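Record features (Swiss-Prot):
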TRANSMEM  13-35  transmembrane segment
TRANSMEM  45-67  transmembrane segment
TRANSMEM  95-117  transmembrane segment
TRANSMEM  121-140  transmembrane segment
TRANSMEM  145-163  transmembrane segment
TRANSMEM  173-192  transmembrane segment
TRANSMEM  205-227  transmembrane segment
TRANSMEM  242-264  transmembrane segment
Amino acid sequence: MYKNLEEHNRLVNKYLKIFFVVSLYWCTSILTVFVNKHLLSSDTVNLGAPLFMSWFQCVVSTVICFVASRLSRKYPSVFTFPEGNPLDIDTFRKILPLSVLYTLMIGANNLSLSYVTVAFYYIGRSLTTVFSVVLTYVILRQRTSFKCLLCCGAIVVGFWLGVDQESLTEVFSWRGTIFGVLSSLALAMFSIQTKKSLGYVNQEVWLLSYYNNLYSTLLFLPLIIINGELESIITYPHLWASWFWAAMTLSGLCGFAIGFVTALEIKVTSALTHNISGTAKACAQTVIATQYYHDVRSALWWTSNVVVLVASAAYTRVKQLEMMRQHQQRSTATQKA
């Protein structure tokens, strides 16, 4: 009886931890999207350099981690930061694939956000679950059940319905939609690669975030030039305004927070759970955006949101039941042994 009670308490604590981390991810992610959209498209800021903004977010994150690392060495009893050397060649070689995916993910993400509304922004991200299933099979050789595949099919239907309805509006952008899909693909790959990369840094999320952002600051520089953003930055009328850099710093802080919380959510749950959490969060974000920006959408447009949400929830439930069944089978086998 005591063993069952102890197991129950352990399970409750685990669920509470997961709930807290997922809630933190939701709040941080939604705030980041609205801040970035304000910087990219608002009448007051309208920077028009999404990759430069992504680069600056990585710079802020790198500085925070560097300062934390130095404080930890000087005041170890007050500050704690894992030991590591980002300039180590072996470390660079191991973490670089994750940094490439991270650069692609946040770069495509901000490019998409610069073209589409916040309300439609989630549509491209809704395919993350589908990409995750495909990549899990291609990379990890793990098969997915027929029920899960049906749910993925429904998600694709919801995605195309949303694109079809959005294309009827004046604010629709194919370029923004394509960048959104590309960001979803990068996120699915990033989630899988994160689990592997955490093993290289002894499961230290802070250290992985430090390496990842530092390497990404280097990767973004040629992309900024290729995207033709140098002229936009140099000729930007508010470049030396204090309020502009304050807004950029806030965006950088949000970027650091979302990077850390994303890695933390993957660590305490799984890559799949993180992808599903991101999709569900995006649906809530859509409702908030339509209210905040006073967007009026058609019934079919809202139907696409519902289809994606229900299909994602069904996928989550199916995966949960499959995991519970596997756990029971392992427990039964252990008891027999």
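Cβ coordinates are placed from backbone N, Cα and C, and glycine is handled just like the others.
Outside the transmembrane segment (95-117), and at least 6 residues removed from its termini, the chain residues within Cβ reach (under 8 Å) are 33, 36-37, 40-41, 48, 50-51, 53-54, 57-58, 124, 171-173, 175-177, 179-180, 182-183, 186-187, 189-190, 193-194, 196-197, 200-201, 208, 211-212, 215-216, 219-220, 223, 255, 259, 289, 293, 295.
Here the transmembrane segment (13-35) lies next to the transmembrane segment (242-264) in space: the count of CB pairs under 8 Å, restricted to residues six or more apart, reaches at least 3. Long-range contacts of the transmembrane segment (45-67) within the same chain: residues 36, 38-39, 81, 103, 106-107, 109-111, 113-114, 206, 209-210, 213-214, 216-217, 220-221, 223-224, 227, 229, 232-233, 236, 238, 244, 247-249, 251-256, 259, each at least 6 residues beyond the stretch ends and with a Cβ under 8 Å from a Cβ of the stretch. Sequence-distant neighbours of the transmembrane segment (173-192) (same chain, 6+ residues past either end, Cβ-Cβ under 8 Å): 98, 101-102, 104-105, 108-109, 111-116, 120-121, 123-128, 131-132, 134-136, 139-140, 163, 166, 266, 271-272, 274-275, 278.
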